[in-house]
Amino acid sequence: MKGTPIAFIALHPASYTRSLAVTSGHRDRHLVAISYRRKKLRSSRTCWFATPAQASLIAVSISSMAKSIIVPSNERQHDGSVDSDATAKALGHPTGASTCRHFGVGSSTPPPDTSFAPNRISTSIYTPYNFLFKNLFKQFARLSNMYFLFITVLQVIPQVTLSGGYPTTIVPLVFVLFVNAIKDLIEDIHRHNADTMQDGDAKPAFVVTTWADLHVGSIVKVHQNEIIPADMIILASSSPIGQCFTMTANLDGETNLKIRWVPSQLASPDNPMTADADIWAKMHGAHVEAEEPSRRLDRFKATLTTCDNVKVSIGISNLLLRGVLLRDTDWAVGVTVYTGDDTKIQQNSGETPFKSSSLSKMTNIMTYQIIVLQVVLQIVAVVVEALGPDLPYSPRNSQSMLNAFWLFLTYMLLFSNFVPISLQVTVDITRFVQSILLCLDTEMALGGVGVTVYPYFPSYIYIHYFYSTKYYISLNLYLFWCQVRCSDLNEDLGVIQHIFTDKTGTLTCNNMEFRKCAIDGVSFGNVAGPPSAPRGSYLPPSTSNNYRLRSILPFPKRTMDMVSPRGHLTHVNIADKALQQKVVDERHPRFVQFFVNLAVNSAVVPIVDVGTGRLVYSAISPDEEALVCAAKHFDVTLLRHDSTSVAVSRFGDTVLFDVLHMFEFSSERKKSSMIVRERGGSAGVILFCKGADTVVFPALRSPVDAEHLVTYAAEGLRVLCVAQRELSDDVYEAWNAKYLAAKTASDTTEDDLDAIVRDIETQLDLVGITGIEDRLQDGVADALQCFRLAGIKVWMLTGDRPDTAAHVGVGIMGAEGQQAANASDYSIPEFQSLKRLLLVHGRWMNRRMSILTLYMFYKNVLLVLPQFFFGYYCSFSGQSTYYDSLYQLYNVCFTALPVFLFSVSDQHVSAPMSLQYPSLYASQSFGSIRWFWLWILDACISSLVILFIPLAVLGHGPSSIHGFDQGLWDVGLVMNGAVVVVANLRLALESKCWFWFIPVGFASSLGLWSASAYAFSSLLSFGGELYAVLGVVANLSILFMLVLVCVLCCFGAYGLQAYHTTFAPHPTDICHEIDVWGLDPTPPSSPVVIVSDGRVHPKQPHE
């Protein structure tokens, strides 16, 4: 059974939240180049291959599959982390029993341990010393370049040369190598510049230095709006309570601020370390014991021993990661613990995999097959020559075997153009131009209002937009458009079979709204607006049909309450008078506990905006922010949140909670908890908990009815369970002693701590259930319907999977940052743009590149085969019929421009028609081995016509009134001209969209051949054997003969196209004809119906 290619996107661990994955394949058969015979699942570097039966299991086993892409499953822990000697050795770390690194704090020289990586990062491939050699090695790894290098060597051997010993093939070969070398050099210069900018950044620490000069144990001071140069433990900050705010968009794409803390033993509000001398005096000579570098962004464990021999436990909340931005904090001081390749961002970067399209792999197969055909023809020529009779002027001798060998090499030179030398450079340049045109498609651009643009956003443009309605509206508009980062996969966009997509932020708006809640078994939630109102439905009537404007206007305010940091999105959409009465008016204890739980048990940080003086919230996730905003909506406002206390305004009265322990949410825990004690309250110690029903319900004191949970889930709401537990002092003190002892023990693992935390997260009382809505983006439903009609299967993957790889990765740009977009092959503004990317541009580029590849082989076979058949007249002696200069310029000058223009502009079906009939996407295959050999057969037949008709006309006497006889070069010039004209006409038959520059390109190619032939025939220094030939063959009878040759050569292809278009039209032919005549695509009396299987059916009476 042939394997079906199944693949997944490979992004950084947190970039999957705004990404989707696409796999490629052919409609009528499996991919020829990458299908394998396998009975079980087989993994590779970039793709997964599975049988069709196994493909259905991937949605279930995606988690385990994703975790085994990087390392074998037996080398991973259950949480996906790597913990084995083999993996450590692969990462360059020491193996053995010890899994910790030890170093001193504040040393001026690097530690003697050579396993510590330097803080210099290099992403470049070349250096000034190895560029020439390394680039040439890379380029000559391609079969075609090695082939033409061998041909160049053959041209200087006297026994086989056909060019007088001059290596004429070296000119196009050097051109191809030069163009690719320039492209590689430009890309690597960009890498060097990025490395230099980062490694050369100066840090205004105690001594101004650069990133590259930092080492493990260095004490570094970072100021506001600067990037953290290495992973470092926070020792002090400008905040009296030891907090600092960071933005991790470079790591996980999140633009919301995250809070990090100075360890509580080091942060003393009464005696803060604010002076450099104080920090140096307290920390110089301290010692750190930290775990070995790992890829986990959510876990870290270390122990810092101060000069006073006080052991301080360090966790992930005390670690600043390299690449994050310090925000809203004047300065922070830390000690570097991981540098260079050991930092977590570099551990997760990995090596960028090399990707090649299915057509590229198929092209390699075509190249191998055409080389086999060439060798067979060479052997046939040598054998026929050996079996021929002895000639008086060329008697055979005892060195017949050596002569046969030289003849074999001669024919190799004669057939050297069987392999198109310009194929790769033409494909690369075409893909580059296609990418530019793809990025310029304004139909895939998206505007946004109120989007905060940070310096790391690369794809935006700022304009001032005016719209005239009942009032004049002035909008500050930012445009996002499609970006291409891997043009090698352009044609694979037209053969997609599976789409794997995330939900939040990809299919949805990522604007969380508190819609419903259930407290004490009663559900509340009458929304302020229509429940299914699409975005833009609250606009004035004159704008309701303006799709582009509707997509860029902000969400309407449907409640009076709106609290949001920097994004200004509505997070509360509930207007239930009964709930308002229960909470605000009656102040029912159970209802008040519910909203106090939401406000206190959160990772939201209140910040006062210095510009407006308004309280804004910074949250790790939009869900957390929506819950805190809901609490504020019901007069329970979060005022302050730090590592030691939480301040809440409860109906106007400020209430303080002392934070005893805080256990953050993680994908493994699926819940967050906080142990607090209210100051001045009588309730004692309280455990607040919220999380998924799968982890909260089993921890409840008594079972409860899950009716509202099921109802909310059926309505598409994001459900969280809110619970709490009152702890007696004895229970808490016993548990706290056990937890602190385990936390400070050096041999305690994260699993041991999790088990202790789970012990206290039991015997919970369910307070309520929340329902949060994240609406679908505009056009998502229509896009999914189009993909279904196009035969593309869409799978939605829920959850965070860090190691998922795909053949074609598409990222979605948005307010969460650029991580997913930067790590993808293509990035689009929103999900609905994927419809145009695949159905329009994907199909266009697939057809163009397929025909480009087939045509490149066709025109070269058309050029070479007449010389093989000419062996019948020259006893297969290896005589060439073409003048060598015209022969070498054929690919570069006479046929290059038309196929390039075709490959970047041809449109078989217009964009509106492609979107109106998605079934066209899966209805036709443009490139396959079968099509390849049909084009080769067409070239064989045409080459016979090109050879025998000119020989029949010119080979029996003068063809003009001047009485001049035509010789070999006269016939060869006519044949060469016929080949150029036929090759261009054959491409013209495939052109469906004739822009003004298409005929100009064809005319330029033919004019360039005429000019070259005239120059070589007119100047003795140029032509040699070709001198004065043009004057002999330039007559009317030869012109008529050329017309006859061209008609006969193109008659077969034209006849087949005319027959299929007239008597057996394909759906694409019908749509193309509708486009050409400008007809209504769906008239009431349409005689045919195009259905999703891509076939044309007669219209039935009931239809």
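Every residue, even glycine, has its Cβ placed from backbone N, Cα and C.
Keep in mind that TrEMBL annotations are predicted by a computer and have not been checked by a curator.
These features come from TrEMBL:
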DOMAIN    114-167  domain 'P-type ATPase N-terminal'
TRANSMEM  365-384  transmembrane segment
TRANSMEM  404-423  transmembrane segment
TRANSMEM  435-457  transmembrane segment
DOMAIN    821-1065  domain 'P-type ATPase C-terminal'
TRANSMEM  852-873  transmembrane segment
TRANSMEM  885-904  transmembrane segment
TRANSMEM  932-955  transmembrane segment
TRANSMEM  967-987  transmembrane segment
TRANSMEM  994-1016  transmembrane segment
TRANSMEM  1028-1056  transmembrane segment
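Relative to the transmembrane segment (852-873), the listed stretch 932-955 leads the set 365-384, 404-423, 932-955, 994-1016 in CB pairs under 8 A. The listed stretches are 365-384, 885-904, 932-955, 967-987, 994-1016; of these, 365-384 has the most Cβ pairs under 8 Å to the transmembrane segment (404-423). By the count of Cβ pairs under 8 Å, the stretch nearest in packing to the transmembrane segment (885-904) among 365-384, 932-955, 967-987, 994-1016 is 994-1016. Tertiary neighbourhood of the transmembrane segment (365-384): same-chain residues 32-33, 143-144, 147, 404, 407-408, 411-412, 415, 418-419, 853, 857, 861, 868, 871, 876, 878, 929, 932, 936, selected by CB-CB distance under 8 Å and a gap of 6+ residues from either end. Confidence for the domain 'P-type ATPase C-terminal' (821-1065), expressed as mean pLDDT, is 84.
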